[in-house]
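**Student:** Copied straight from TrEMBL:
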{"type": "TRANSMEM", "residues": "45-64", "note": "transmembrane segment"}
{"type": "TRANSMEM", "residues": "178-205", "note": "transmembrane segment"}
{"type": "TRANSMEM", "residues": "225-248", "note": "transmembrane segment"}
{"type": "DOMAIN", "residues": "279-400", "note": "domain 'FAD-binding FR-type'"}
{"type": "TRANSMEM", "residues": "406-423", "note": "transmembrane segment"}
């Protein structure tokens, strides 16, 4: 029964070497934790520090500039505070566009910039800037509405005379006139639009955590978040107008709003244009749709011409027959060398449920084998098959796996999808040449389709590209831990699991399946299933739960022991 233990292969030598991994004294442990903290966060730290310093510098510069002007005698520090926060708002309204320029970030990930810029935190930085904008709006608007507008409208004539030339006809405006001016209307409109976009982007609204009765239920969910975010296009138009009709600035270079946002806005608009054009070019043909247990279905589609990607990256899919505006991201589960694209999709929303219905119920493919629907380039009728558009690929954290000697891949449920692509790629790169003719013997069953395509790629590719030898991959070993709640989930990637177990003769890839719905090993309540599992594996070499050669463990992994095991086994490697 020890076979089902996740650490049954750990030897006495490993446990003896653990003392060299963990520091003994309290002082050394604290230094070790501090070192790990710095290694983990130094890239985030310097970016945030630079950003905060830039905001502070702009605030102080503009604050001191208005403190030395005549308007300070009328409106005091309220004006200085409002203008200082306005300058930080200009900066942040420009910066907030950069983290969502996906094509640019994907390109930067392939440069040396990835070593000192945390591209994986781009969305978190986007949210952080949004919070800073919200604070800046409150300070800027509050200073105007609650302070300097009041002081301006109540200023004595002799003080107002100092700035009378900045207002039309030298007349002191009333509070209402300031509100209904171009500055007042554009400012209030921007606050309203940004408030709507900000509120509907919070997790409680975006993830349908809040439940409202109809018709207010439309205010929650991804669609509300997506469409409300497009209100920010109006905000940028209003921002340019707002920054053009300033009262106390007359020279063109003093109205600097457009200078801040011009380049980021053009970059973002260019990205959206490229994505729209590329999506029309990347219309794919569906080869196969398989309905799998656990509300999951897989789609195997043609690879668009010129489409290149790395394992771990993701794509956006759009089905115009469902919605001409909605794009949804999915991790690629095929390997870069495969002649097709594949994704595994869990039906957790209205769009994914409709996509499953469209491609499984409304499918006129001539071949139906079990729950899988087949088609090919010669059998697909574009007039009958719903159109599917692809946009991407886009960078993701897992794509940098080639930079490490040893990989620890941890997937929870459907979150294992990017690692399946990595496993395929590692297997393609390490498969012996004497097994390359295996592709012609494969059948097109549900479990062997992926093996066929990856074997075809390996058989048809040589060891050279354009006359140049391939550099050997750095990654030597990979440990894949897949934790799931339902035993039916093991059907999702059954073909890959069997292929790795059969083809990986060098023992480079170690697979571990964990089923959390069963009590941990050693518990009396799971003794019977553990015995049956052990007997079946000993007799047939197949796990009774997953239906593959990969054995299934129970409960959750003991991560501390997993980390110690890998650290002890690879003491001088980058994990």
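Glycine is treated like the rest: Cβ placed from N, Cα and C.
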**Student:** At a C-beta cut-off of under 8 Å, are there same-chain residues at least 6 beyond the transmembrane segment (406-423) that contact it? List them, or none.
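**Tutor:** Sequence-distant neighbours of the transmembrane segment (406-423): 296, 311-314, 330-336, 343-344, 346, 396, 398, 475-485, 489, 492-493, 496, 500, 509, 562-563, 566, 570, 573-575.
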**Student:** Under 8 Å between C-beta atoms and at least six residues away from its ends: which parts of the chain pack against the transmembrane segment (225-248)?
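**Tutor:** Here the qualifying positions are 66, 69, 71, 90, 93, 163, 166-167, 181-183, 186-187, 189-190, 193-194, 196-197, 200-201, 205-206, 254-258, 261, 265, 325-326.
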**Student:** Roughly where does the domain 'FAD-binding FR-type' (279-400) sit in mean pLDDT, to the nearest integer?
**Tutor:** 77
**Student:** Would you list the DSSP helix, strand and coil counts for the residues of the domain 'FAD-binding FR-type' (279-400)?
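**Tutor:** Reading the DSSP string over the domain 'FAD-binding FR-type' (279-400) gives 18 helix, 46 strand, 58 coil.
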